[in-house]
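TrEMBL lists 1-21 with the feature signal peptide. The active site, nucleophile annotation in TrEMBL covers Thr217. The substrate binding site annotation in TrEMBL covers Arg245, Val246, Gly247, Asp248, Thr268, Gly269, Asp270, Gly271.
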Amino acid sequence: MQRNNILYPGILLSFLALITAASESPAPITKNRSLPLVINTWEFTQANTAAWFVLNQQPGGNALDAIIEGCATCERLQCDGTVGYGGSPDENGETTLDAMVMDGSNMNIGAVAGLKQIKDAISVARHVLEHTKHTLLVGDAASNFAEKMGFRRETLATNNSMDIWKTWRQNRCQPNYWLNVYPDPTKNCGPYKPISFDVLDNDNRFKYQIGRWNHDTIGMVVIDRNGQIYAGTSTNGAKHKIPGRVGDSPIPGAGAYADNEIGAAVATGDGDIMMRFLPALVAVEGLRAGRTPTAAAETAMQRIKRYYPDFSGGLVVVDRFGNYGAACVGMLKFPYSIVSGDATQKTRVEYKYCKTALTFL
């Protein structure tokens with residue numbers, strides 16, 4: 001009995017030590033892909049290649065410069081018309097920009113939302129990261145900050161964006177994002193006023209399907225050969241959004257998340273829904289729990305699908321070793337761009353075929 005009394009506390013202490021070590025250590029995942037790595041949402045291959053080129057510059061190539069150049073390339077190219085200037089006009093015909101960059105070594109973040117008259121959204125986000133103690137600056141004040149940092153004000157409208165807006169107005173402002181107002185927003189333009197609570201209709205939230213061509217984001221993850229991870233996003237938001245709307249892209253854990261000890265994730269899709277579930281954070285925590293990148297991505301998307309079966313979106317996840325995966329719902333397939341290994345490697349596009357029915361965990 002005396003011997004047992006001595007052994008049991010020892011066994012208990014050893015067990016507790018194992019639990020503590022498991023909770024504090026990065027998940028043990030087999031290394032099967034080489035670093036460095038650049039991965040991003042959609043077939044934005046020029047952005048991927050631009051980041052890869054910067055990352056492999058000798059001397060001085062680093063993950064932060066690479067992710068800024070990658071996202072900035074998409075802003076300049078106006079990728080799909082949903083990134084950068086000249087796209088996704090709001091109800092007033094104005095284009096505004098959202099962007100974020102996150103440092104996985106210290107969890108620092110710089111982000112802007114509703115940025116007006118400044119084309120370089122991801123670069124302004126970098127200045128928020130490097131020159132302020134804040135995380136997110138918004139609207140006109142964010143533009144004023146950008147001016148102080150040396151950026152030039154200029155219109156974000158183009159002939160194309162104004163044509164999109166005029167056509168929308170001629171179509172009685174259809175579709176739009178209003179609910180429970182009058183005149184009937186499914187038949188008329190505003191201005192609107194709220195209706196009484198006894199006739200609320202929340203089902204209309206699902207009648208405007210969000211997809212690649214009316215709302216999209218470049219989400220990018222860069223990992224250098226030393227394991228430094230950055231995640232970044234840039235977008236001009238949803239077409240015909242109500243002025244002042246902010247999507248998921250500049251929201252930490254929603255549009256992107258990075259942790260050098262674990263990995264990173266970036267999301268794209270219906271940002272108004274995605275930010276309610278923080279899928280990028282959920283996916284990274286899935287990696288921490290020992291899931292593969294694909295399993296972590298699918299778990300994060302399943303949580304959204306359970307509540308919003310008509311939701312459309314995609315998620316790219318990569319662990320700290322360069323293993324990657326993706327998940328998607330509400331579309332046939334979800335393309336993403338990837339390059340990794342030595343400097344001679346070229347960007348390729350891979351596809352994740354989306355599940356039409358998910359088994360909820």
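Count begins at 1; order follows the chain as displayed.
In case you wondered, yes, glycine gets a Cβ from its N, Cα and C as well.
Those TrEMBL annotations? Automatic predictions, nothing curated.
Feature map: annotations from TrEMBL on the structure.
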residue : record                   : Cβ neighbours (10 Å)
Thr217  : active site, nucleophile : 36
Arg245  : substrate binding site   : 18
Val246  : substrate binding site   : 20
Gly247  : substrate binding site   : 26
Asp248  : substrate binding site   : 31
Thr268  : substrate binding site   : 29
Gly269  : substrate binding site   : 29
Asp270  : substrate binding site   : 23
Gly271  : substrate binding site   : 28
Whole-number Å only: compute the distance from the Cα of Val246 (substrate binding site) to the Cα of Thr217 (active site, nucleophile). 13
Pairwise Cα distance for Asp248 (substrate binding site)/Thr217 (active site, nucleophile) [Å, integer]: 9
Rounded Cα distance, in Å, between Arg245 (substrate binding site) and the residue listed as 'active site, nucleophile' is 15
In whole Å, how far is Thr217 (active site, nucleophile) from Asp270 (substrate binding site) when you measure between their Cα atoms? 10
In three-state DSSP terms, the structure that Thr268 (substrate binding site) belongs to: strand
Cα-Cα, whole number of Å: Gly269 (substrate binding site) versus Thr217 (active site, nucleophile)? 8
